[in-house]
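Everything on this sheet refers to the single structure shown next.
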Amino acid sequence: MIVQPKVRGFICTTAHPEGCARHVGEWINYAKQEPSLTGGPQKVLIIGASTGFGLASRIVAAFGAGAKTIGVFFERPASGKRTASPGWYNTAAFEKTALAAGLYAKSINGDAFSDEIKQQTIDLIQKDWQGGVDLVIYSIASPRRVHPRTGEIFNSVLKPIGQTYHNKTVDVMTGEVSPVSIEPATEKEIRDTEAVMGGDDWALWINALFKYNCLAEGVKTVAFTYIGPELTHAVYRNGTIGRAKLHLEKTARELDTQLESALSGQALISVNKALVTQASAAIPVVPLYISLLYKIMKEKNIHEGCIEQMWRLFKERLYSNQNIPTDSEGRIRIDDWEMREDVQAEIKRLWESINTGNVETVSDIAGYREDFYKLFGFGLNGIDYERGVEIEKAIPSITVTPENPE
């Protein structure tokens, strides 16, 4: 069938299989063109492996270091006239290309927060790898979590803490810049967001992997966070998500102590740059900030996407054969170019004057839109979007059954 983008609010409800495959192919080509990673990881588990930083780290591990990879995610196969989710198509393309290159690549589709999926993953690691996982990437972005032990349901929210936040935001599709006010979160919303987006599940994963002897001596585990400039702090760093990320950082310190003493391992937080993702598109203020950031970083020739960021994380931080450079809080900073003084000063200056009339020229909102559509496989060169495509795509390692998530 012919697949066109259908955008509702912050998400696109369709995905293009060939476009997603082309996008994954571009990332793979980038990883292959860079000099290969020496001393890189060999057996990598990526939790949240189908889009964004998780997918990019899977590609860098596989095609940059020749690593075997297992990816865990929660995606939807095609059903009737409904396309699969982009992460499904991304993984189908990744696995197909990895297998053709002689690389081990298997995936598990289901709720990463559940004990059942953790056990399935452990069983696969024991059966196929006999343990020995030397890198665990934790890259989950989810709006809700069911606690595996208590059954309690938590929903995350994106709100300020303490007082109403007033600023401006942009409707990315129309280019309309307007004032926005966001009411503060309740105590329950703060706690719930921490339960979903904090470090609780990361710790459950690492403890389970350790208990069943799945981790190698010297293992590294990395989770991602974002800090950003003062401009976004009220809604992000000092808001509910920021509170959850502080919990994630606290978890990293605890896991680091455990892994260091048991396996000479490390648990690390990587602070990444602001990028267009399905998650960031839903945050008020942030799309307008990213549109300005893209413009300035592209002009200075320091713009990076997910794949460039993950390449730099692996090459210059995790596997540089030197001590991993961190900030005073022990975090890896690959948001260093975004947070450069000259970049931030320019954004601050433009922020005051940006409005509906000048947003298309002052910012790179066109680049934001382009990246947004690319997430769903649209707007890629060399794809004929007027031609019908087969929307059912198989992921080689996954058997689709009616019980699989819809």
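Keep in mind that glycine also has a Cβ here, set from the backbone N, Cα and C atoms.
Taken verbatim from Swiss-Prot:
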{"type": "ACT_SITE", "residues": "Tyr236", "note": "active site, proton donor"}
{"type": "BINDING", "residues": "48-53, 74-75, 111-112, 140-141, Lys245, 275-277", "note": "NAD(+) binding site"}
{"type": "BINDING", "residues": "Tyr226", "note": "substrate binding site"}
{"type": "SITE", "residues": "Glu75", "note": "site 'Plays an important role in discriminating NADH against NADPH'"}
For Lys245 (NAD(+) binding site) and the residue listed as 'substrate binding site', the CA-to-CA distance in whole Å is 8
Recorded positions Gly52, Phe74, Glu75, Asp111 vs Tyr236 (active site, proton donor), shortest C-alpha separation belongs to Gly52
Ile140 (NAD(+) binding site), DSSP three-state class -> coil
Same-chain residues at least 6 positions away from Gly52 (NAD(+) binding site) with a Cβ under 8 Å from its Cβ, in sequence order, are Ser139, Ala141, Leu275, Thr277, Gln278, Ala279, Cys306
Expressed in Å to no decimal places, the gap between the Cα atoms of Ile140 (NAD(+) binding site) and Glu75 (site 'Plays an important role in discriminating NADH against NADPH') is 12
The number of other Cβ atoms within 10 Å of the Cβ of Phe74 (NAD(+) binding site), counted over all protein chains shown, is 19
Spatial neighbours of Glu75 (site 'Plays an important role in discriminating NADH against NADPH') among the binding-site residues Ser50, Asp111, Tyr226, Val276, using Cα within 10 Å, are Ser50, Asp111
DSSP says Ser50 (NAD(+) binding site), in three-state terms, is coil
For the recorded positions Glu75, Asp111, the largest set of other C-beta atoms within 10 Å encircles the C-beta of Glu75
Cα-Cα, Phe74 (NAD(+) binding site) versus Tyr226 (substrate binding site), nearest Å, comes out at 23
